[in-house]
Amino acid sequence: MALYDPSSLANLSEIRTTHIHLNWNISFDERKISGHAVLDLLAVAKVDKIVLDTSYLDIKSASINDQDLKFHVADRHPSLGSALTVELPQAVEQGTKLKLKVDYSTTDKCTAVQFLDPEQTLGKKHPYLFSQCQAIHARSFAPCQDSPGVKVTYSAAVTSPLRVLMSALHTTEEDAGNGLKTYHFVQKTTMPSYLIAIAAGNLEGRVIGPRSTVWSEPEMVEKCAWEFQDTESFIATGEKLLTPYEWGRYDVLVLPPSFPYGGMENPCLTFVTPTIVAGDKSAVDVVAHEISHSWMGNLVTTCNWEHFWLNEGWTVFVERKILAYLHGELERQFSAIIGWKALKESVNLFGADSPATILKPDLSSGIDPDDYFSSIPYEKGFNLLYHIEKTVGGPAIFEPFMKAHVEQFASQSISTEQWKAFLFKYMEDNHGKEVVDKLNTIDFDTWINGKGMPPVDPQFDTTLADQCYALAKRWDEARGSDDLSGFTPSDTEKFTSTQKSVLWIRKSNSYCYRSMIVVFLERLTDCEPLPHNLLAKMDDLYKMTEIRNADVRFRWQQLCVMASYKPIYPHVVEFVTEQGRMKFVRPLYRLLYKAEGGAELAKDTYLKHRKFYHPIAAALIEKDIGIQQ
C-alpha cells in the first residue's frame, strides 16, 4: 500500500526502513550525540536515491558497503526540517535490500534532545539528557524516515559516562575506558521512529513489579517507587481488556521537571513528569494512560499525524476503561467530565471554526503537527468512541471490538478509513444488520471532518460532579454580596463524603478529592471572572494557594489570573519556572500575558528561564506570548 505522510520529506513510496542500528557517543561537555546510524532498507519500487528526514544534524558521510556515496542536505523547510538525499551508485529494483550507514552528530539546534546542566537536576551534581521525538523530532537525533507509517525494529550501542536507558530492552554493558561504559539495547517489536527514546544521567532503579522498574535520580527514587507501586494492576487490566502485553518490560522513568508532557509512551520505558509524583497517588492516572498506549499507538499506530486521534482517542478510551475496571464506572464518568472541559478549552483557544479543531485535520500544507497539539485528538476521539459504544448497545458489544481492533491491526499503521471499515465489518459479522443500522445513525462525517465541538452531547453521569457544581454555583451567585459567612472550610471536605456515599471504594481518597477540587475550579472558570474579594475569601477558607497538587495549582492559578488577581502572580511565576509541563505552563503564560499588568511579567519570566524549557515547549510558548524567534 502506498504510504502518504505530509509531515515527512522521505521517499516513502520508493524505499522503506526495516531496522535501525544506532552507534552513539554522548558528550555532556560538548552537549551533543555523535556516531552513526545504520538503516536496513527495502526497495518497494525501482529507486536510484534514498531520501531521509533530518533536522539540524551535522551529516559527515553516507556509505553502503564501505563505499562513500554522494549526498545532499536540502535547504530547510520551516516545519519539516531538511531532506537528506543519498544518491545510489545505480538504480536498484523493487525487493532489493540495502544497508546505509550515515555518520553524523547532533547540534545545539536539535529539538529532540535536551541537555541539562547539573544545577537543573535534583541532585545538582551530574548533567542529564533526555529525548522527546513525538511528533516529528526523531529526525533531529537520527537521519530516518520519520513517519509513523514506517515501523521498524532497532538496536543501539551507546557510550556514556552516566547510565543510559532507552525505549528498548537492555541486553549488556561493558567498560569503554576513561570512565565510560557502552550500553547495548534491542527492540524486537516493530515501532515508529517517534518512539525511539534515550535518557542518560545519575539514575537509580527500584523494582515495583514482575516486569517493572521505576527509575529516577537517587534523591527521589523511593518516593517514586511508592507512587507507582500499582503499575502491574494497570498492565494486567489492559491485558484483560485487550491482548497480552507485547513489549516485555514496562519500566517508568521519572524525568527532571523540564519534561514538556505528562508522559510519553516510549516502549519498555514510559517517560513521566515529576509533577505526577504527588505523594498520595492522586495523579497516577497518567501511568494508566501511558500503559494504554502499549496497545493503542505503539502496537496499532496512526499512519500519519492527520490520524493522530487513532493513537490518543483510543488511548484515553482504554485508560478510562482501566480506571473503571479497577475503581468503578463513576470514576470513568468523572474523568470524562474533566476531559470534556479540556476539549471545550482547546476549541475555544483555536476558535470553533479553526481547522485545528477537526478530528482528522489536513496537514498537507506542511503544518507542524506540534502547532495542532491539543486536547482535541484525545477528547474528541474519546467522545466519538464513547458515543459509538452507547449507540451499539454498551460495553458488552463494544469491548470485544476493542480487542478485535488490536488483533486486526497489531504491528500496523492505519488510517481512520481502515478503522471505520473494520468497525462496520466487525459489527456486521458479529451482531448483524440491527447493530449496523445503529452505526448508520451516527454522523461520522461531522464527527471526523467537522470543526468545533462534537455534534452530540455525551450526557455523562454527574453523580460525583454535582456537589462541585453546587459549590461553584454558590460562589458565582455570591459575587454581589458582602456577606460570605455561609462559606466554611468544610465546604470542600464534603467532597470525600460524597465519594463514600456512592460506595466508590478506593484505598485512598486522594484522587477523588483532587479531581473534585479540580472540577469545582473548572466550573468557576466557565463563569465571569470572580471579584477579588471572593478569590481572597476562597483562598482564606480552602487554602488553595497552599495545595501542591499540580492539577489543583494550575486550575486555581488559572481562575485567579483570569480575574487579574495580582496576589497570585508570584505563585504563577514560581509554578511555571519549577516545571515545564506544557499542559500547565502554556495556558498560564497565555493568561498572564493577557492579564492586567501581566504581559511584561510573562515575557520577562520566560526570557529569564528560556534555557530551562524543552525546545518543543519553548517554541510554542514563544508563539503564545508573541516573542519572535
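Just so you know, glycine gets a Cβ as well, placed from its N, Cα and C.
Because TrEMBL annotations are produced automatically, they should be read as predictions rather than curated entries.
Here TrEMBL flags Gln132, Cys133, Gln134, Pro260, Tyr261, Gly262, Gly263, Met264, Glu265, Arg581, Met582, Lys583 as peptide binding site. Taking Cβ-Cβ distances under 8 Å and a sequence separation of 6 or more, the neighbours of Gln132 (peptide binding site) in its chain are Ala112, Gln114, Ala197, Phe259, Pro260, Tyr261, Met264, Phe271, His614, Ile616.
For His289, His293, Glu312, the entry in TrEMBL reads Zn(2+) binding site. Around the Cβ of His293 (Zn(2+) binding site), the number of neighbouring Cβ atoms within 10 Å comes to 25.
Feature annotation from TrEMBL assigns active site, proton acceptor to Glu290. Taking Cβ-Cβ distances under 8 Å and a sequence gap of 6 or more within the same chain, the neighbours of Glu290 (active site, proton acceptor) are Gly263, Met264, Glu265, Thr270, Val272.
Its Cβ taken as reference, Tyr378 (active site, proton donor) is surrounded by 25 other Cβ atoms within 10 Å in the chains shown. Per TrEMBL, active site, proton donor is recorded for Tyr378.
Here TrEMBL flags 463-625 as domain 'Peptidase M1 leukotriene A4 hydrolase/aminopeptidase C-terminal'.
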What does the structure give for the C-alpha distance between Glu312 (Zn(2+) binding site) and Met582 (peptide binding site)? Integer Å is fine.
17
Can you tell me the CA-to-CA distance separating Gln134 (peptide binding site) and His293 (Zn(2+) binding site), as a whole number of Å?
13
C-alpha spacing of Tyr378 (active site, proton donor) relative to His289 (Zn(2+) binding site), in angstrom:
11
Could you round the CA separation between His293 (Zn(2+) binding site) and Met582 (peptide binding site) to a whole angstrom and send it over?
20
Mean per-residue pLDDT computed across the domain 'Peptidase M1 leukotriene A4 hydrolase/aminopeptidase C-terminal' (463-625):
90
